[in-house]
Amino acid sequence: MIIELDEFTRVEGIGKAEIVVEDGTVKEARVKILEGPRFFEVLTLGRSYWDVPDLEARICAICYVAHSVASVRAIENALGIEVPPTVEKLRELALWGEIIESHALHLYLLALPDIFGYPDAISMIPKHGELIKEGLTIKAFGNTIRELLGGREIHGINIKPGGFGRYPREEELEGIAKHAESLVKFARRIVGIFASQEPRGAKAEIPMVTSEYLWGDDLIVGEDRIQYIELDEVPVNYSFAKHTYYKGKPIFVGALARLLLKEKYIQGEAGRLLDTYKDKIESRYVIYNNLAQAIELVYALERVAELSNKIASEGIEKGIVEPEEKSGEGIGYVEAPRGVLVHHYRIEDGKVVWSNTITPTAFNQGMMELSLLEDAKKMYGSVPEESLKKKLEEIVRAFDPCISCSVHFVKL
Amino acid sequence: MKLAVFELTDCGGCALNLLFLYDRLFDILEFYEIVEFHMASSSKSKEKVDVALVTGTVSTQRDLDVLREARNRSEYLIALGTCATHGSVQGSVENAKEAFRRIYGDVKGPTKVLEPRPITEYVPVDFAIPGCPYNKEEVFQVLMNLARGVEPVAKDYPVCLECKLNEYECVLLKKGIPCLGPVTAGGCNAQCPALGLGCIGCRGPSMDANVPGLVEVLKEILPEEEIARKLRTFTRW
Ligand code: SF4
Ligand code: SF4
């Protein structure tokens, strides 16, 4: 017998799941990514390196900055471009803006209705309007940063190999810093709400992150430092997303993985919150990815305030650094809000001749199936089928899956 | 009035952009009840709607089924975003079958893959708002107009005009940066030239676009095959 879950709602993109039951026991859980393929690896071929980041941004609207930055970092590694420290800092700021926008969207509009038992955030407004408004305010602020540095709220083309098209003014950065500080107290409130969740899903035994907080030249998986080539990618018949394993085991990327492996970075109010909820985070249940996002949201706001003030006081070095080489190969690892994102190119004579992308939702496929399997085993037979389906969908949502991004990775 | 949002294969941007209306979303909610919008709500319904917004391309059999359902259930259907109106990035793939095989090998996938196409090639649409993503002011105005019974009007000028109105320096002629503004539909308020960058054509072709004219100008800056690639990023001409 197969229990079919409906197409997931309150997630980005189109997917569903099925639970296979044989002789009264749960045997298998499959996540079926139905979103059509979008062929980015083919689309990048033959294009000038300059145009590629704008194209790659279109992989996903929720994290276009992460795609742009991963793309420019890969290109810069390939072509020997070294950008000045301000460019790095402004990119970091843009990525934090995206984390703020994305975490606020997920926590307040997509996941919160599960906790309060509503079909969506709109129906929560009569009773919990304040909370939703706070969420929208934080989300809008994240987008202000994306617009300032990325050029538009969605799919801006301002993040270029070698620098930015337009650079922000100092007053704009100071404004961002003040605004960020004022939002910390709202974000704090949401942490407590998500800390109340019961442990569910599988345990993230093998978390994977980039070697620095938002990017790096290596990946850290469990105790090891690796390149992504050392992971195994496996296509499956029932889904447009391939599965990724490390030494035969599913890995987990995202906010929970970051808090587990990058604790030392997190200071201030967020650091105190992390201490308070340490037990839950360290229990590694994937449901606490939501709690981890909430703590990281506080950290993001604090970091944005600090970083914008710093850039404003140091002054901005403008311009675009030209490439040293016309050919080469490079990888860009970036932490998208949902976890590790990989862009990898070979460039010849200024044109991309080979490319590969692996996105966080794709990395998490195996873990998502394992979580569904474990929870379905626990619940099957003891709860009515309708509520089983609903509970399982909540687990999928804890991953904050962004399905559009998972459907086109390749080794050409 | 009842409103539904249907998403086909896309990046999620055109659905997300609706949530980026923030407070003005509440203005829309004064006129409309949202009966279906999978990114934002778990409510599903089979009821008829007054206005359907459809984003994305038809890339799979599932997309086509959803599109037909959307058309049958709605009074007024709007193709929202360049995926839906012109195909956007995936729509410019020349041979999807071959591309699919290169990416996935012999794996079948969960539903039949079709050549990615804008929805306008499958069903009649009542109105189209291009943009990757579209300008959210535009969708706000269109929805408000429809609520008041006013038929919206399509924009028919190129991005160039918006540059001129804003008095931006022409990136193409003054700085020699490749720009598709002269042949791209306006409505974004020339956002990319405002940053000193060339328009990449995300809103699709403008009416009466003089493509050969632009190609002549671009030839001074770029090799011909690169011009063709640039033009074909968001639409098949
Ligand atoms: S038109 Fe662009 S922003 Fe809209 S869904 Fe398609 S790719 Fe995304
Ligand atoms: S300037 Fe061109 S690429 Fe930029 S937003 Fe407008 S239409 Fe799109």
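Cβ atoms are placed via backbone N, Cα and C, with glycine included.
Record features (TrEMBL):
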| type | residues | note |
| --- | --- | --- |
| BINDING | A:GLU41, A:HIS408 | Mg(2+) binding site |
| BINDING | A:CYS60, A:CYS63, A:CYS402 | Ni(2+) binding site |
| BINDING | A:CYS63, A:CYS405 | Fe cation binding site |
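Long-range Cβ neighbours of A:CYS402 (Ni(2+) binding site) (same chain, at least 6 residues apart, Cβ-Cβ under 8 Å): A:VAL11, A:GLU12, A:GLY13, A:CYS60, A:ILE62, A:CYS63, A:ARG338, A:THR359, A:PRO360, A:THR361.
Less than 8 angstroms from a Cβ of chain B: among the binding-site residues A:GLU41, A:CYS63, A:CYS402, that describes A:GLU41, A:CYS402. Cβ neighbours within 10 Å of A:GLU41 (Mg(2+) binding site), excluding its own Cβ and spanning all shown chains: 22. Annotation note: A:GLU41 (Mg(2+) binding site) sits in a helical segment as assigned by DSSP.
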